[in-house]
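Have a look at the structure below, then the notes.
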Amino acid sequence: MDVNNQLEELYTAWSSRRALHQPVYPDAVALNRAVDYLRLMPPLVFAGEADKLTALMARASEGKAFVLQGGDCAETFESSSADQIRAKIRTILQMAVVLTYGASVPVIKLGRMAGQYAKPRSNATEVRDGIELPSYMGDAVNGFEFTPESRVPDPRRLIETYQRSAATLNLIRAFTAGGFADLSKVHEWNKGFASNPAYKRYNQLAGEIDKAMKFMEAAGANSESLRTVDFYASHEALLLDYEHAMTRVDSRTEKLYNTGAHFLWIGERTRGIDDAHVEMLSRIENPIGVKLGPNVASDEVEALIDKLNPAGTPGRLTLITRMGADVITDKLPPIIEAVQRDGRPVTWITDPMHGNTIAASNGYKTRRMTDVVKEISRFFSVHSAMGSCPGGVHIELTGDDVTEVLGGAEEIFEDTLATRYETLVDPRLNHQQSLETAFLVSEILRENS
Ligand code: TRP
Ligand code: MN
């Protein structure tokens, strides 16, 4: 089929469906201009890379690899600086090293990065002091500042989203291929951090890796794979105009790929089986995910598998459960049963963040480390009890020493939340809480293997 026909057919398919959580742009001409511009921009990823990731996700569905998906709740244009990207990459690499070395399992590094700029909100508008304005939907849509000018959805932000994503992904590729991810640098990634239990543990592990590296060098082993990592980019496919503009026909296969990220997921709020988001992602070849909250029904999951992975391609579909620590043990088993009944493979990931968001007594939106840890370990217990395979974790984190999540070895209390509470949306694990989580997961993986 003709390239333009395929894209037109895609457009007709999703645009005839209900599309939830889309911004209302007052200037339709400006939107068309932005979208036309994006369509002519080079892809950010190559379709072949997406296929490679599908094959890796298939390994994770069988327990032969483990997915580490991590990054900000929402990236912002301001936070896409070199320092912040470096800190996030370093955190993810440190977590990956802990998992790879501690549990002897290949780790798939999947950033919630280079495109995570749009957020669905529970309320379309926000009221402050009697003034009602559109809610902040992420830098891809409007500004955080509470003024009418800043909160109007502006299509030019879609272009900046593309540019920031391109610059971020370029830096990620430079870091991960250019020497920053070299396993002989494991010690350096920890430099500049105050000492605390997680860092001490990390330094000890880094010492062991150093020894192993020196041994291999002395023995003449000299593998490129020790110096570089494959790092993949993912974000929530929320803004359909943007995602459509980034979707292209792959010249090798003549199939549709979203070239704005390797992996895309559909949010809990937009996963309606007859809705536009599911329709769009059902028609692209990338590996994809769906978030599942505690109220998802078994037949919804069956319908999603049928629609999103009819052929049962391993690695194509990931189910990211975000149940909440208190209910996961009750809510997850019937969903696993439905998947087992269906028989087609899925990759299971736990998101221990979104089911555990609370308001602190002083009003801060926060989470407790203890709940995060509880949901992760219950995720593993439920899967192993049912003969199913836990394939990865999805973490909201930052490389900085923020104070947004309660608890951790270097404990953050309600009173200390205010010290460095920087997120515009959800609270993220800081650097040391992320490392702590990685150690916990590596212990569970080791026990299970
Ligand atoms: N390339 C291997 C991997 O991705 C080993 C590796 C090199 C690595 N640098 C790393 C692993 C940094 C974790 C973190 O697994
Ligand atoms: Mn979030």
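Placed from the backbone N, Cα and C atoms, the Cβ positions cover glycine too.
Taken from TrEMBL as is:
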- C73, H354, E396, D426: Mn(2+) binding site (BINDING)
- R112, E268, R269, K291, R322: phosphoenolpyruvate binding site (BINDING)
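The closest partner of R322 (phosphoenolpyruvate binding site) among the binding-site residues, by CA position, is H354; the full candidate set was C73, H354, E396, D426. For the binding-site residues E268, E396, the greatest number of Cβ atoms within 10 Å around a candidate Cβ is found at E396.
Across the fold, the C-alpha of K291 (phosphoenolpyruvate binding site) and the C-alpha of E396 (Mn(2+) binding site) stand 14 Å from each other. In this structure, the binding-site residues that sit close to ligand 2, with a C-beta under 6 angstroms from any of its atoms, are C73, D426, chosen from C73, E268, R269, K291, D426. Listed in sequence order, the binding-site residues among C73, E268, H354 whose CB lies under 6 angstroms from an atom of ligand 1 come out as none at all.
Cα spacing between C73 (Mn(2+) binding site) and R112 (phosphoenolpyruvate binding site): 8 Å, rounded to the nearest whole number. Distances between the Cα of H354 (Mn(2+) binding site) and those of the binding-site residues R112, E268, R269 are shortest for E268.
Counting in whole angstrom, D426 (Mn(2+) binding site) lies 16 from R269 (phosphoenolpyruvate binding site) by their C-alpha atoms. The separation of E268 (phosphoenolpyruvate binding site) from E396 (Mn(2+) binding site), Cα to Cα, is 16 Å. Cβ neighbours within 10 Å of R269 (phosphoenolpyruvate binding site), excluding its own Cβ and spanning all shown chains: 16. DSSP classifies H354 (Mn(2+) binding site) as helix under the three-state reduction. Neighbour density for D426 (Mn(2+) binding site): within 10 A of its CB lie 18 other CB atoms from the protein chains shown. Sequence-distant neighbours of R112 (phosphoenolpyruvate binding site) (same chain, six or more apart, CB under 8 Å from its CB) are Q69, G70, G71, D72, S234, H235, H394, E396, listed in sequence order.
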